[in-house]
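Engineer: My questions will all concern the structure given below.
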Amino acid sequence: MTQLSAAQTPQRKPAEGNRALYGGKTNRRITVRDITTAKERGEKWPMLTAYDAMTASVFDESGIPVMLVGDSAGNCHLGYETTVPVTLDEMTMLSAAVVRGTSRALIVGDLPFGSYQEGPVQALRSATRLVKEAGVGAVKLEGGERSHRQIELLVESGIPVMAHIGLTPQSVNSMGYRVQGRGEEAAQQLLRDAKAVQDAGAFAVVLELVPAELAAEVTRTLHIPTVGIGAGPDTDAQVLVWTDMLGLTGGRMPKFVKQYADLRKVMGDAAKAYAEDVVGGTYPQDEHSVH
Ligand SMILES: Nc1nc(=O)c2c([nH]1)NC[C@@H]1CN(c3ccc(C(=O)N[C@@H](CCC(=O)O)C(=O)O)cc3)CN21
Ligand SMILES: CC(C)C(=O)C(=O)O
Ligand SMILES: [Mg+2]
């Protein structure tokens with residue numbers, strides 16, 4: 001890993017009044033340009049996944065500036081084991097719902113496995129569907145150096161691209177769900193991947209499950225914003241899967257998840273209370289009835 005140079009580290013402490021994305025007053029939809037200028041201002045920002053219009057509208061009203069229609073919909077919304085089986089048709093339908101449910105957030109649509117690996121032309125055809133049929137403002141795809149030609153053609157064609165390096169879950173069958181970038185050689189590869197996606201024209205890059213020190217170095221090295229998930233506190237932005245952070249997913253959570261609510265318990269308790277009322281004959285009451 002190249003030497004960390006604290007002297008060159010820009011101060012990235014967002015002050016009050018330096019909150020154009022979260023807490024900003026704009027009623028128009030946030031653009032890719034708003035995102036890139038946030039790094040220049042040293043403003044950190046939150047991203048959440050969303051898979052449906054209702055949930056997306058809650059986050060939009062809460063001021064979440066960027067939403068990712070992640071292919072994590074595969075395991076978090078559609079009942080698959082992994083993200084691998086998710087189709088472009090499914091991503092198009094879910095992305096369209098999230099766009100309809102929001103008015104302010106920038107919506108990023110995840111390109112699913114198999115929709116861009118054949119090459120730049122397939123990537124453009126797939127991304128065009130998400131832009132034209134769903135109305136997303138940007139797309140995301142996995143891979144660093146290996147995806148740079150795809151990123152170049154999309155950007156040339158006017159489609160903003162968020163890249164995604166480190167752990168790339170669509171490659172689970174070859175790489176597993178392991179921390180990436182550990183050790184000198186792997187760290188150098190991650191830095192090459194980060195520079196490759198920036199050079200190809202990506203407006204931002206997700207860093208998934210990489211050591212915090214390496215993510216900090218990538219963040220200092222790039223001029224585009226880094227979006228961390230399991231990448232420590234020093235990335236320009238953070239992303240979490242919404243069902244994880246609200247405690248709905250169930251099962252064992254990755255170490256990087258912070259649970260901000262226990263929706264699984266809230267919803268389960270409510271369902272049981274309703275069932276008890278129906279079985280016990282205490283719902284509906286007269287106030288719920290028409291005469
Ligand atoms: N519910 C959910 N949350 C996610 O964050 C997520 C998905 N699904 N699906 C797509 C990818 C897959 N992701 C994953 C999947 C597994 C681990 C995991 O098992 N992590 C271990 C670390 C393993 C190691 O130390 O090498 C952990 O405990 O964090 C992490 C991210 C992140 N994404
Ligand atoms: C975890 C994020 C970055 C993602 O790609 C997804 O939710 O699909
Ligand atoms: Mg994804």
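Residue numbers in this text run from 1 along the chain shown.
Placed from the backbone N, Cα and C atoms, the Cβ positions cover glycine too.
Just lifted these from TrEMBL, have a look:
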- Glu208: active site, proton acceptor (ACT_SITE)
- Asp71, Asp110, Glu142: Mg(2+) binding site (BINDING)
- Asp71, Ser72, Asp110, Lys140: 3-methyl-2-oxobutanoate binding site (BINDING)
- 1-11: compositional bias 'Polar residues' (COMPBIAS)
- 1-23: region 'Disordered' (REGION)
Engineer: Centre the Cβ atoms of Asp71, Ser72, Asp110, Lys140, go out 8 Å, and tell me which other residues of that chain have a Cβ in range of the 3-methyl-2-oxobutanoate site.
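Structural biologist: Nearby residues not in the site list: Thr49, Leu68, Val69, Gly70, Ala73, Thr83, Val86, Met91, Gly109, Leu111, Pro112, His164.
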Engineer: I'd like to verify something. Among the binding-site residues Asp71, Ser72, Asp110, Glu142, which ones have a C-beta closer than 6 angstroms to some atom of ligand 2?
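Structural biologist: Within range of ligand 2: Asp71, Ser72, Asp110.
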Engineer: Are any of the binding-site residues Ser72, Asp110, Lys140, Glu142 near ligand 1, with a Cβ under 6 Å from it, and if so which?
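Structural biologist: Ser72, in sequence order.
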Engineer: Any idea what the Cα distance is from Glu208 (active site, proton acceptor) over to Lys140 (3-methyl-2-oxobutanoate binding site), rounded to a whole Å?
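Structural biologist: Just about 13 Å between their Cα atoms.
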Engineer: So which of the recorded positions is most packed in, judged by how many other Cβ atoms lie within 10 Å of its Cβ, out of Asp110, Glu142, Glu208?
Structural biologist: Asp110
Engineer: Anything from the recorded positions Asp71, Asp110, Lys140, Glu142, Glu208 with its Cβ under 6 A from ligand 3? List those in sequence order.
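Structural biologist: Those recorded positions that pass the cut-off, since their Cβ is under 6 Å from ligand 3, are Asp71, Asp110.
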Engineer: As a test of the contact definition, list every same-chain residue at least 6 positions from Ser72 (3-methyl-2-oxobutanoate binding site) whose Cβ is closer than 8 Å to its Cβ.
Structural biologist: Thr49, Thr83, Asp110, Pro169, Val241
Engineer: Find, among the binding-site residues listed as Asp71, Lys140, the one whose Cβ has the highest number of other Cβ atoms within 10 Å in the structure shown.
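Structural biologist: Answer by Cβ density within 10 Å: Asp71.
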Engineer: Quick one: what's DSSP say for Ser72 (3-methyl-2-oxobutanoate binding site), helix, strand or coil?
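Structural biologist: Looking at the DSSP assignment, Ser72 (3-methyl-2-oxobutanoate binding site) belongs to neither helix nor strand, so coil.
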